[in-house]
């Protein structure tokens with residue numbers, strides 16, 4: 001470790017190269033994850049009143065693999081940044097924004113596990129029926145919640161990464177409080193939209 005510290009400290013060009021590589025990996029992860037999450041939410045919203053086909057489920061599972069890959073790249077690059085900061089730029093570890101992003105990505109990871117463990121099997125089980133047919137209010141709320149957490153938790157890290165003005169300025173607790181408020185607002189809006197269209201006629205039912 002001491003040798004690595006000395007190598008990076010004495011080779012700023014190497015630090016710059018590593019940082020650039022990590023940024024590219026991080027950006028690719030965000031593109032895959034956010035793009036996939038938006039696509040999945042749009043698909044599920046569009047087809048929630050239509051019969052679920054095996055082809056649709058195949059598309060959802062295919063896109064979900066890219067979202068999972070994006071999340072993996074996000075963890076690899078994030079942990080890489082932490083290691084780089086520890087060795088070459090320890091002062092950056094004092095930036096509250098880093099720890100807020102780490103918390104949000106952890107929530108995103110837990111939500112992803114729930115989606116793969118429960119939501120995808122649920123969608124598969126609805127093949128031949130409208131997506132929300134016979135779904136209880138609690139299950140519907142859980143599905144909306146998973147979608148909201150996914151979309152918001154991908155979007156917020158993108159915003160934080162594009163807002164260097166927040167570095168060392170806004171406490172971690174404030175960022176997380178704003179994130180929680182955004183989740184609540186997004187869930188309320190999504191729930192209202194779903195309720196407003198609950199009585200719409202079924203498409204693809206014949």
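Note: Cβ is positioned from N, Cα and C throughout, glycine not excepted.
The transmembrane segment annotation in TrEMBL covers 24-45, 66-86, 98-120, 141-162, 168-193.
Sequence-distant contacts of the transmembrane segment (141-162) (same chain, six or more residues past either end, CB-CB distance under 8 Å): 26, 30, 33-34, 37-38, 40-41, 44, 67, 74, 97, 100-101, 104-105, 107-108, 111-112, 114-115, 119, 122, 132, 135, 175, 179, 182-183, 186-187, 190-191, 194.
Outside the transmembrane segment (24-45) by six or more residues, the chain places 56, 59-60, 63-64, 66-67, 69-74, 76-78, 80-81, 123, 131, 143, 147, 150-151, 154-155, 157-158, 161 with a CB less than 8 A from a CB of the stretch.
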